[in-house]
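Here is what TrEMBL says about this protein:
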- 279: Ca(2+) 2 binding site (BINDING)
- 289: Ca(2+) 1 binding site (BINDING)
- 80-90: disulfide bond (DISULFID)
- 103-115: disulfide bond (DISULFID)
- 149-194: disulfide bond (DISULFID)
- 275-283: disulfide bond (DISULFID)
- 295-309: disulfide bond (DISULFID)
- 308-319: disulfide bond (DISULFID)
- 390-399: disulfide bond (DISULFID)
- 422-468: disulfide bond (DISULFID)
- 467-478: disulfide bond (DISULFID)
- 491-507: disulfide bond (DISULFID)
- 544-589: disulfide bond (DISULFID)
- 588-597: disulfide bond (DISULFID)
- 22-216: domain 'Albumin' (DOMAIN)
- 217-409: domain 'Albumin' (DOMAIN)
- 410-607: domain 'Albumin' (DOMAIN)
- 1-20: signal peptide (SIGNAL)
């Protein structure tokens, strides 16, 4: 059976995968064996999971070697399932078999140190290689259409398996179900674009250009979400992650009681600890256990997840994540004044601080699905600060009563920021809204490259197009939670290569206040502006012949350069320079020789602009 069929069959099973690939501790106790795993998974599924594991754990290997190791482990599993159950090799824990197989390979880069270690230390060492791998593996490339279809029709290369391998090694922390799901999308693209026995599609290049982005979109989005959540766990700790998940789960399941929500929060946090560590076996098991619990307890959780729980397990997780929040209980009071007015509040806060704060966050979140999770965390922090101040000895009477006024003020400020941003977006449209963002973020973060600034602001503009059309009850969750993903990217970029002290403070001090903090940043005073060199601003005849999209990109690059040269430029000065550039372009593009015109007019424009900016 070819690799494409193997991947397809994997996706059709009702994920006994997670249950059949157990935690190391269970294997170590001898309760399961590789033969039992093989029998539960069946050969095709076992082999596909093995390929993913070897690709993720051996960053410097090749597809051929990973596929070869998968074949050998599968052969061992087949023999253990058939007759050799009592063989010493068949009784080894599954993770040890995988790592032993890797260590039997010769000349694999960077694994010798790991192979010299034992059991848990060896496992930790191999996990560290996953972190290393992300630094040198190139991004996925769009396949050459004709060559891909030629190989696909001749079956000379197992393309789907190779794609699976490439995704796995590029994303060593991505769970196997996500990888297998995108592999199936790749297989479907090949069938659609390369055609049937009659030959490939008439519009081969167009088909690949249309379908390829769809194939990688899901894996990129899932990888981004995972990097984001793991970044929160790493930078801000388990307490912050649990608080975030508490708000999200409370909003999703407002009818569930606190004990049930708390259990889910703890389970999800444990899952992320395993997933973010890169332990695929435990990660898959954790995810399966959570889905099993959720779907077995629909009656106390949500009336909206029945259809999700009827889907195959691979699709079930994504379905539950994206399903709409359940309806609030009919008898749920609109306020939580008991957390302010009850006489025993300070005593409870002193005795069980985290539990008391968690109950407040649970009660407030389930009442307010129209708020973003980040805003709810800020409200929770405000409540904590209020109690710390008002529960201290000597605090004035009525101290806690000001909490409600401060809460209203914060809600108004957050909603105003989002409304103002959407007003600007609706007035200016994508291109000019992005330019507004470029002016703001180039001043805040001039150390970023033009490519980075355009990328990040483009993502923010996409959020505007997606969220600003929504009603007030959906705007905040959509806008701030998507913006949080982009700010997470910026903060990971800062972690890899520091940007400036202001960004450092915002990315490090508080997860909940990261967005307001970055929003309040102004011109970076530590930045040394670019010097005016002859090549800093260059104008050529291609400004007259570019397609509109490329011309807009070039204008944005020039805007960024101008802001890096004069960070303190005023809006009026910028408007004057922009108008002068537009007039020069219109004049030169009307000449018989635009290049000569730009060579003459360009330096004159720079002189006039410099004089105006220096005034």
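From the backbone N, Cα and C atoms, a Cβ is placed for every residue, glycine too.
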Rounded Cα distance in angstrom between residue 275 (disulfide bond) and residue 289 (Ca(2+) 1 binding site) is 14
Least Cβ-packed of the disulfide-bonded residues 275, 544, 597 (other Cβ atoms within 10 Å) is 544
Listed disulfide-bonded residues 90, 115, 308, 319, 507, 588; those within 10 A of residue 295 (disulfide bond), CA to CA, turn out to be 308
Across every protein chain in view, the count of C-beta atoms other than its own within 10 A of the C-beta of the residue listed as 'Ca(2+) 2 binding site' is 22
Rounded Cα distance, in Å, between residue 194 (disulfide bond) and residue 319 (disulfide bond) is 30
With residue 507 (disulfide bond) as reference and a Cα-Cα limit of 10 Å, the qualifying disulfide-bonded residues from 309, 399, 588, 589, 597 are none
For residue 149 (disulfide bond) and residue 319 (disulfide bond), the CA-to-CA distance in whole Å is 33
With the fewest other Cβ atoms within 10 Å, the residue among the disulfide-bonded residues 194, 468, 507 is 468
Among the recorded positions listed as 80, 103, 279, 319, the Cα nearest the Cα of residue 467 (disulfide bond) belongs to 319
Mean pLDDT across the domain 'Albumin' (217-409) comes out at 90
Closest by Cα to residue 90 (disulfide bond), out of the disulfide-bonded residues 283, 309, 468, 491, is 283
Of the recorded positions 115, 289, 309, 399, the one whose Cα sits nearest to the Cα of residue 589 (disulfide bond) is 309
Densest Cβ environment (other Cβ within 10 Å) across the disulfide-bonded residues 90, 309, 319 belongs to 90
Of 80, 103, 279, 309, 399, 544, the recorded positions lying within 10 angstroms (C-alpha) of residue 588 (disulfide bond) are 544
